[in-house]
Every structure is written in C-alpha cells, then in structure tokens.
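K.L.:
Could you have a look at this structure, given as structure tokens, before my questions?
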C-alpha cells in the first residue's frame, strides 16, 4: 500500500474546456503547494479531493488516499480534512461543541470531553470549551478550526488559502502550527495559496497553475 | 430521506393539483355538468343566465377598476417612496413597521379602516360636532360606496407593505447606491435619478408580485364584503353569494361567473404586460431626453405622505378596534366611549376560543407541512442539483395568480362529487395551496445564500448529508425558518374563501367568524374577532424574532443573521 495522497492523472474541464491538470503524489508529512492567480481553478482542484466538485465541472482521473480509491466516495466517507480562508466554526455551537462535532464517534461522554479538553490545551486554549466562537480572536479561531479538523482523524489535510485572512505576524504563527501538527501526524498536505511566503514556509514542491 | 428526490414533484402536485382540479370542476359546472347534483351537460344555460343578470356590467367593471386602481396606486406609492427616501431615517422607520403591517390580516385591516372612515367612524367623531356641527352621523355612503373607492383604499393600505417588502428584497440584489451616486453626480434629482437608473432593474424582479396584487385586487372576497359596494357587488362577491344559495342552478351560475372572472384576470394581466412594454418605451424616450427632474421635491413629499397615510390607516384601524372591543356605551359624536368594560370579551369568549383553536390547528398543520415540503425541495436542490428555473418560479406563483374565486368553487363541487366530506382536512389541503408559495419564497433565498463551505467542512468532519442538514444548516438558519413559519401561519390565518367554500360553512376560524359578523354591524363583536385575528397572525412573527434571540443569546455570530 502506498501511503499518502495521490492525484492520478487528474484533469478538470469546464464545458469541455481544460482547466487544471495534475499528476502528483504527496507522501505523508510532505506539503505540495499549488500556486496561481485567482480564478485559475485552485479551489476547484481541492473540491475534486473533498468530493464537492460543482456540477458545472467535469473531472477525469483518480484520487487515491493511502492506496484507497476515494474518487467516487461521498465527501463524508473520504477522511479528507480541509481548512478554508475563513475559520467556518459553526456559529450555533460552543467551541467545545464544535470540537465534539469533529471528534470521531465512540467513547463515553467523559472520555470525549477529555479528548476535547486535551485538544484545546494542545493549542493553548485550555478552558475555552464553553466559549462562543464569535468572541474569539482571529488567531484563536484558526487554532480551534485546526483542532476540530484534526480531531476527525483525517488521512490528509487540504489548505484552501487557509492563512489568507490573517495579518502577517499571526499568519506565520498559525502556519507554523498547522505544518507542525500535520508533520506530527504524518499527514500529506495539499496547499493552495497565492502567497509566496506560504510556499516558502511549507518547504515542499510547488506547482504553479495558469502559465 | 430516500423520499427526497420525489419531494419537488410532490410539492408541485400538492400546490397545483387543487388549482388544476378546481379549474376543471369549474369548467364542467359552468357548462352545466354537476354529477353530484344529478345535472349533466354540456349546455350554455349558465352562461345565458349570467348574461341575463342585470348587475353583470357593473360587477365586471368593479372588478377591473378595483384591480387596476389598487395595483397602480400601490405600485406608484412604493416606487416613489423607495426612489425618494431609501436610506433616510423616515424610510428606516417605515421599514421597521413593515413586518407588523404585513402580518395584519386583510379582513382586520378592512374592519379597522371601516371603523375609521365611516360617517359614524372615529375620524368623524373626533371632529364632531366642533368642526362639522354633526350631532348625528351624516347619511353618506363612505364605506361600501358604489364606486368601490373604500375597497380600493383598504386594498392599497395592505398591498403597499407587500410590494415594499418585495422591492426591498430586489434592491438588495441591485447595486443601487452607486447608481444613485452616479445619477446625482450627473445632476439628476433623487427620485428622477432612481427612476431612470434603478427602477428598470428592480421592476424586472418584482414583476410577479405586482401581477399577484393585480389578480388579488380583482378577485378579493373578504375585503370586498367589508368595504365594497353591495348592490351589485364586485363579481367575486356575487360568485360567493351564488355559491351560498341552496339552489343548484345558482351553483352553475357561480361557475360560469368564475370562468368569466378567470378570463378577466387573464385579460388584465395581458393588458398590464402590454402597458409595461409601452411604459418601457416611453421611459427610454424620457431617459434619452436628459431631463434632470424639476418637481422631485413635491413628488417625494407626496410619496411619503401617501405611504404614511397607508401605514397609519392600518395602525389607527387596529387602535379603533381595540377601543371598540372594550367600549361600554359609545354614542355619536363622543370621541371615546363613556366607559370601558370587558363585557364584549366575556360574551364572545367561548366563540372566540373555539375559533382560536380551529384556526391554530389548521394553521399549525398546514404550516408544518409547507415547511417540510419546502425544506425538502431546497435540500433536493442541494443534493441532486435540481434548481428552480424561471419557469419553475412561475409555477410557484401560479396559485397566487389564478383567482381563488375561479378554482375554489370547482374544487368544492369536485369534492362533493366524489363524496369527500367537506371539513377540516380538505380545508387544510386548500390552505396549503396558498401557504406553500409564500413559505417557499420566504425561505428559499436565505437557504440558498447559506455558505456551502460550512457543509463542506461538516462533511470533511465526517457528517453525512442528513447530519449537515439537521446539525449545521437548519440550526444556523433557525431565524429564517421560523420567519417562514410565521409567514405561513399568517397566510393560513387570513384565508377566508378557502375556509368558507371548502369547509362547507362548517369550519369556523377567526377569519370566517369575523367576516360573517360584518353584515350584522355589531361593532364590538367584530372588534374582538378582528383583534384576535390580528393577534393570531402577529404573535408568530414576534416569536420568530424572540426565539432565535433566546436560543442563540450566547452566540454572537447568529444574532444578526
């Protein structure tokens, strides 16, 4: 079995017009950065991996995750984690309930709560479980969003301009934290960005689209 | 959820089935075919009898003038108001009144207006005998006037809030602020600039609601019974009178008149469409002329005054209903009753409570069904990519465009023909026809505008489609869902003709009871029922605001959504 995320001859078209083509393997703990101007189809590429490709597009090729062909699986069965530019914490749930939502089912209430508390501690947010996500700072929200995703135990992590809303200082911090967590869990990371500093910090291969 | 893919088809069937079936029943009866009563056609007897009815020309005329008059005045008021005032403080004040004004049922608003402007109404009492010298109410026919002016006034007061809401929704989609700034920089007055730059885009979006107002104004029954002329009445009222006669030939006559009513509405819609084309043509010439607008200020003032009067007539109408409901003896021309008492409430208590129960049961079941179908349709759209097309939108508006008086008589005949008992369940089905479009229109925009990335995140976290719907989407959309529910409840509460005809007179809701009282002239009893009817429509709106504020009191991210 090949560990990692494989984009096997992926080719996306819109109305018959070729948009994006990619054929790469991302090993566990590695980061592949996809760059290019907006509108070039970077986010569309990610939606092929998450399984949320809009109807207007067509795609050929296969997506393999740890050797498993996930091309035809519904989004919730793929174990593909994704972070967007916005934190997208569910506004109707507390910070703790957001994390519970992410935490894979199983275990009794006490054990689950302990897992959530531990996750919050891991990103220096101990005691934040009952807080309203809307009262958190941008950096705190980003950390909660990351932990929520990781608690779902994904096999890969996608980053869709994930640091785009943060100011420069915060951006570097959050970026370091995300990459460190992904490396610690040996997750293959596919990052879409238009910021060269993101690509540099990632340190992996860079693919530039639209040229 | 395996049923989800068929929900859109089921919704269309539930919404349009009764309309189509009812029209079919009307056509059959109009041509003399009523198997339930042992009558077989086809023949033209009913049309001949209709032609022989001496009141026909006036009744037809009243339908047409009321429909066009209401629509033209209400549309002009709304357009000029928005053109001259949007973004100002006066406009914001009117906007805040919008939801309550909208939810006041037509019948209650009509009673309120009648109690205000009648010769013995509140206005006459306030200025008598000081200004008028009247010790007795003058013998003038202000309410129920033969030209239907009071009827038109009552309808305008209720349709202005409706069209204003639709216009505001359309404005949100057009880039109006910058268009206004550009027009102003080019030297155009506020109203003229708006009419020339924004109005064409906005009208394209509110065209269907305008058609609804036109069709409704031509065929309304309850408001016409309260405010309209009596002999002859507008065609729609005469249809209902004929339907109420025990003689079966009157029923055939009613069906023939119902077909005529349908033809009138179709003809009026075609005429309006031609008028649109003509106005567009003239408008282009007006734009090309480059006139900057000289009388803008006067037009602005008139629009605000008109809209203010419309809003006030409803609010003061409710106030006078409240006074009457607790009035002791109230002689003319006293401005207020001699004393206040709860006697009317006690006397009507049992009837009111029974009607409240019936109203709430019907409205609750119907609204719940409409919400389930609507959310099912919208969710099927998400999962199966079936989007409502422009043609689909027309289907949604169809039950609101086909005059009620055209298909409800036929539907009643069909129900009798197949031996279905008239009563509560058929009434609920009939209400659903009118409730569904409003619930759908109310919920569709917020449902579709929801950020789909929330769903993508939830799916990435392992939530299936049902989990996304129930655990993320619907909780986040709690406020619009409850607002849609309130809209549905108020539409159901206000239904008169569907309740009367399909219920066979046995289903007594607040609205049917209130309208039934109108001929008796017992102002105190009318006031009690009118107020209860308003409360039944208004309280759900208040709850739709309060519940999310309570449930999400610790969730800042949802407090303005």
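Cβ atoms here come from the backbone N, Cα and C positions, even for glycine.
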K.L.:
In TrEMBL, which of the ranges B:147-171, B:172-196 has the transmembrane segment annotation?
P.N.:
B:147-171
K.L.:
Flag the pair the transmembrane segment (B:394-415) / the transmembrane segment (B:248-272) as in contact if three or more Cβ pairs fall under 8 Å (sequence separation 6 or more).
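P.N.:
Between the transmembrane segment (B:248-272) and the transmembrane segment (B:394-415), which are separate recorded stretches, there is contact, as judged by 3 or more close Cβ pairs.
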K.L.:
Counting only residues 6 or more past its boundaries, what in the same chain has a CB within less than 8 Å of a CB in the transmembrane segment (B:427-444)?
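P.N.:
Contacts of the transmembrane segment (B:427-444) (Cβ under 8 Å, skipping residues fewer than 6 from its ends): 11, 14-15, 18-19, 362-363, 365-367, 369-371, 373-375, 377-378, 388, 396-397, 399-400, 404, 408, 411, 480-481, 483-485, 487-488, 491-492, 495, 498-499, 502-503, 507.
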K.L.:
Give the nonlocal contacts of the transmembrane segment (B:248-272) in its own chain as ranges (CB under 8 Å, at least six residues past its ends).
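P.N.:
Hits for the transmembrane segment (B:248-272): 23, 25-30, 32, 34, 37, 39, 45-47, 49-50, 53, 60, 63-64, 67-68, 71, 210-211, 214-215, 218-219, 235-236, 238-240, 242, 401-403, 405-407, 409-410, 413.
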K.L.:
Under a Cβ pair cut-off of under 8 Å, which of the recorded stretches B:60-86, B:107-127, B:147-171, B:208-228 contacts the transmembrane segment (B:302-332) most often?
P.N.:
B:107-127
K.L.:
Using Cβ atoms and a strict cutoff of less than 8 Å, what residues sit near the transmembrane segment (B:107-127) while being 6 or more residues removed from its termini?
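P.N.:
Contacts of the transmembrane segment (B:107-127) (Cβ under 8 Å, skipping residues fewer than 6 from its ends): 134, 137-140, 142-143, 150, 153-154, 157-158, 222-223, 226-227, 313-314, 316-321, 323-324, 332-335, 494, 496, 511, 514-515, 518, 523, 526-527, 530-531, 533-534.
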